[in-house]
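Asks: I am attaching a structure below and will ask some questions about it afterwards.
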Amino acid sequence: MAALTRNPEFQKLLEWHRANSANLKLRELFEADPERFNHFSLNLNTNHGHILLDYSKNLVNKEVLHMLVDLAKSRGVEAARDNMFSGLKINSTEDRAVLHVALRNRSNRSIMMDGKDVMPEVNKVLDKMKSFCQRVRSGDWKGYTGKAITDIINIGIGGSDLGPLMVTEALKPYSKGGPRVWFVSNIDGTHIAKTLANLNPESSLFIIASKTFTTQETITNAETAKEWFLQAAKDPSAVAKHFVALSTNTDKVKEFGIDPKNMFEFWDWVGGRYSLWSAIGLSIALHVGFDHFEQLLSGAHWMDQHFMKTPLDKNAPVLLALLGIWYINFYGCETHAMLPYDQYMHRFAAYFQQGDMESNGKYITKSGARVDYQTGPIVWGEPGTNGQHAFYQLIHQGTKMIPCDFLIPVQTQHPIRNGLHHKILLANFLAQTEALMKGKSPEEARKELQAAGKSPEELEKLLPHKVFEGNRPTNSIVFTKLTPFILGALIAMYEHKIFVQGIIWDINSFDQWGVELGKQLAKKIEPELDGSSAVTSHDSSTNGLIGFIKLQRDTKID
């Protein structure tokens, strides 16, 4: 594929941006077109609630949008989408298919890979998960002293942690009757020590989530958990009742002491950051129940169908992707804020920090050339309204343009005080996107200061600080209620957005070689931390840091 910057559609957009972008004023666009909201929004009726994508507060008009869609077509987005759903090996550097969509293929249509339908295997694992969940949640599965399981501890990292953690937090209202759930990921001993302090070994079930069963952080934490467990249980055979594995490495699982019957399989065509739909989601299913887990899958499948079948100009993931391309490659934006106005979604931005930055944080194209354009953004965010009292100042009046996605449910899970809390939350959500779009003109600020009784001197002094330029772009994503189905659809929408951007940038969104170098060096450094002798095998900074650690580690501090 030719470089993006040499693409005729890209060049057309670049010329248009140079000539006209200064004239794109959101206030004026809304004044000129009273129907702008209707022209630049999608209302997706999932039959399990609505998802409204309002992208009218973006720095685009119909002409720009048309050119962006042409860019997507010229970069082969439609063919690439079809190739992914068809099981072709689009992860070129690892020679793998990318089939997380098969994990939630609720239509159960055949999905062929290397001439074989993957669906029978997918359904077999789902059936095994369902049966296991029913046994644990009903109390039929007993620990070594005959007690039912009260606590699930998921030990994993990256994709084996972030997805299940985010979803179990988001779906807490649906967890009635299920065990409590804990997540241990960090190799920092504090994480597992503080978690184990809350647990009773007689009623704890550990899920060890590692595809290879060799991930250093995960296996170290798992061994620590097993050691803690055996201090109480004594008998190694009791491990089989309290440890299960999500892995593909049967030998390592057996070696650990886990019965292979309690190993839940997934496949190399499931990328870590797309794996919550697989056996990696076992902690979700145990916590909220398998029926709710199936609804999560169904919501994602609904969005898969929308992505597959809807024309690009009415396609929610495609539109989100193209708006991101517009800001990154034409306005020079470097970050993207995800701002969910729902406390249950407090890990949503962190989840897509991995989803986006590990997928599209690449500077090499599929053919091995270095890009001469920007690729994946820095993704960050916190729940509203907390963020309003923290970092929104920079979004409103800082020197950087930060495109934002605002997300909110119309209905709350907790309509306390007759819905007062949620009404205030909704009002703040609506006010922020309007304020970022409209800003406050010098004339409006002057009138406000005059009405507040400021003297002419005070007014002139304060006036520049009270002006908001506005014209800050946002998407509003409003959905009926945060249910398992709607959450599944929202996650899939962002997954496909990331995929589309990767295709336009001509990068492989499904490998993560950048994770490897640090891991390799850590293995070399670890033995060098033993003993007191000076280390000289690295650069002076790394040598100096190792020396400082060796000097300080035995220092007594009160």
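Our numbering is plain: 1 for the first residue shown, then up by one each step along the chain.
The backbone N, Cα and C atoms fix where each Cβ goes, glycine too.
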Asks: Check the candidates T220, T250, T474 against Swiss-Prot and report the one noted as phosphothreonine.
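Replies: Comparing T220, T250, T474 with the record, Swiss-Prot tags T250 as phosphothreonine.
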Asks: Please pick, from K25, K497, K519, the residue that Swiss-Prot records in the D-glucose 6-phosphate site together with G159, S160, S210, K211, T212, F213, T214, T215, Q354, E358, H389.
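Replies: So, going by the record in Swiss-Prot, that would be K519.
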Asks: According to Swiss-Prot, which residue out of S86, S247, S367 bears the annotation phosphoserine?
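Replies: Going through S86, S247, S367 one by one, Swiss-Prot annotates S86 as phosphoserine.
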Asks: Can you give me the same-chain residues 6 or more apart in sequence from T250 (phosphothreonine) with a CB-CB distance under 8 Å?
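Replies: The list for T250 (phosphothreonine) reads P260, M263, given in order along the sequence.
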Asks: Can you give me the Cα-Cα distance between K519 (active site) and G159 (D-glucose 6-phosphate binding site) in Å, rounded to a whole number?
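Replies: Distance between the two Cα atoms comes out at 16 Å.
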Asks: I need the CA-to-CA distance for T214 (D-glucose 6-phosphate binding site) versus K142 (N6-acetyllysine), whole Å please.
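Replies: With the alpha carbons as reference points, the distance is 28 Å.
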Asks: These are the recorded positions: K12, H389, K519. Which one scores highest on other Cβ atoms within 10 Å?
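Replies: Most Cβ neighbours within 10 Å: K12.
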Asks: Give the distance between the Cα atoms of S185 (phosphoserine) and E358 (active site, proton donor), rounded to the nearest whole Å.
Replies: 17
